[in-house]
Amino acid sequence: MTEVSTNALFPETFQGTAADIAGQIGLMWELIKAPLIVPLLRAAVYICLAMELMLFIERLYMGIVIVLVKLFMKKPDERYNWEPMRDDLEIGNGGFPMVLVQIPMFNEKEVYKISIGAACNLSWPSDRLVIQVLDDSTDPLIKDLVEKECLRWANKGINIRYQIRENRGGYKAGALKEGLKRDYVKDCEYVVIFDADFRPEPDFLRRAIPFLVHNSEIALVQGRWRFVNANECLLTRMQEMSLDYHFTVEQEVGSSTHAFFGFNGTGGVWRIAAINEAGGWKDRTTVEDMDLAVRASLKGWKFLYLGDLQVKSELPSTFKAFRFQQHRWSCGPANLFRKMVMEIVRNKRVNIWKKFYVIYSFFFVRKIIAHMVTFFFFCVVLPLSLLVPEVEIPTWGAIYIPCIITTLNSVGTPRSIHLLFYWILFENVMAFQRTKATFIGLLEAKRANEWVVTEKLGDALKNKEKTKQTKKPRGSLFGDRILPQELGFAVFLFFCGCYDVLYGKSHYFLYIFLQVITFTIAGFGYIGTIVPS
């Protein structure tokens with residue numbers, strides 16, 4: 001066999017000392033930069049600026065609307081018919097509609113008692129209330145504990161049913177769908193859903209149900225989430241800032257202007273007739289709640305959000321659980337958009353403005369553009385522009401508009417205004433995972449239907465004490481904590497920052513190095529509560 005020469009593998013131009021090789025690479029960079037790199041990077045800048053303007057207009061629009069709503073719009077109980085539910089001595093409890101409470105569970109060892117107890121303590125006539133615990137647990141010990149808790153409440157006179165399935169087909173959507181098929185549910189008019197970590201106040205039903213009883217066009221009444229562990233760690237504080245904006249602004253604006261918003265999957269009361277007319281629960285995406293909401297809206301049903309109807313819940317406090325949750329929350333909407341966009345366009349029961357709102361504002365800008373512009377602009381395009389001085393990013397696009405968008409995002413959580421800058425850096429890190437999940441959903445790739453139940457820790461203080469007493473096994477460190485992709489971005493940004501220090505004039509290296517630190521912290525898993533395996 002003919003011996004393969006070194007020149008066949010390494011051209012002459014790349015042979016020699018390290019300095020010679022570096023010089024040759026630099027020469028090749030200069031040769032391709034002007035005809036290829038510069039035009040591509042400029043195009044990327046224009047695309048990112050266009051997406052940023054779309055997001056800015058959307059945030060500004062919602063900011064203006066929420067101010068007008070707060071100043072001039074009547075409260076929900078004045079806009080809609082609403083009368084309190086009263087006990088009637090003549091007809092007894094017959095004036096109260098039958099209500100089903102569904103509590104889907106999956107190995108919820110830490111929180112099952114809290115959620116079942118909160119549901120059983122709802123202020124509603126016991127003979128007009130059915131509580132249904134839908135347990136998909138795979139751990140026999142946990143299933144036994146949950147069943148015994150249901151029996152304990154049943155012995156107190158509560159109409160509570162413990163339901164299990166042979167398999168977890170359809171995950172949460174499958175469990176909810178199966179629960180509605182039970183014979184004892186046929187007389188129920190409304191269903192309220194509480195995830196296993198949700199703790200409604202006793203008067204939840206008495207405040208929400210009258211809107212459904214006296215307004216036949218309303219299909220859903222959604223309550224607001226409040227977080228019992230928001231102060232547990234910096235990770236939960238960051239989540240609180242993002243979710244408070246969602247509830248304070250996005251949900252309120254959708255409810256007030258178009259009577260539409262995405263159902264949050266829990267903490268809401270549905271009219272069962274609306275669920276059936278919309279086609280019932282479907283498991284085609286990981287956002288079965290949003291899927292049902294869009295389909296019901298296309299049937300002409302209206303939704304109502306009540307910001308003062310609050311339900312306590314728990315935020316994921318481990319970074320691993322949060323990343324799984326964000327993958328589902330980012331991948332699912334993109335996948336649903338792919339499946340439903342033409343169905344929305346062809347629908348004849350809703351007007352063109354509502355279609356535009358759902359397609360452009362609700363899906364395209366908030367669920368797709370928001371993630372992509374955050375990641376590509378601030379973590380890829382802006383750092384690369386430091387290596388190519390021929391490409392300039394206008395100051396209004398790199399600084400002014402992002403600052404305005406960030407300020408508008410912070411209105412929901414004024415108590416955390418001092419954390420705003422770190423929240424920006426953290427959101428940029430998470431934008432990488434969200435963007436990846438968005439593409440998976442749009443392309444319906446391998447992980448499009450991945451469903452990992454968000455881990456709940458229950459009593460945060462108890463878990464912290466347990467964490468201090470137990471050492472984490474060394475063998476699980478790399479798989480559970482080290483994130484190579486985040487560390488890779490940290491290295492890339494560090495290189496760009498160093499180049500800007502040596503040759504740049506923009507001083508963006510100040511932001512770049514802070515972003516490097518945040519990516520590095522995330523890459524080593526030092527975010528949130530560290531729980532032993």
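Each Cβ is built from the backbone N, Cα and C atoms, and glycine gets one as well.
Per TrEMBL, domain 'Glycosyltransferase 2-like' is recorded for 190-388. Sequence annotations record features per position, and here TrEMBL assigns transmembrane segment to 43-69, 356-387, 399-426, 482-502, 508-531.
Note on the transmembrane segment (508-531): residues 232-236, 316-320, 322, 378-379, 382-383, 386, 398, 422, 425-426, 428-429, 457, 460, 463-464, 467, 472, 480-487, 489-490, 493-494, 496-498, 500-501 of its chain, located 6 or more positions outside it, place their CB under 8 angstroms from a CB of the stretch. Highest Cβ pair count under 8 Å relative to the transmembrane segment (356-387), across stretches 43-69, 399-426, 482-502: 43-69. Looking just at the domain 'Glycosyltransferase 2-like' (190-388), the mean pLDDT is 95.
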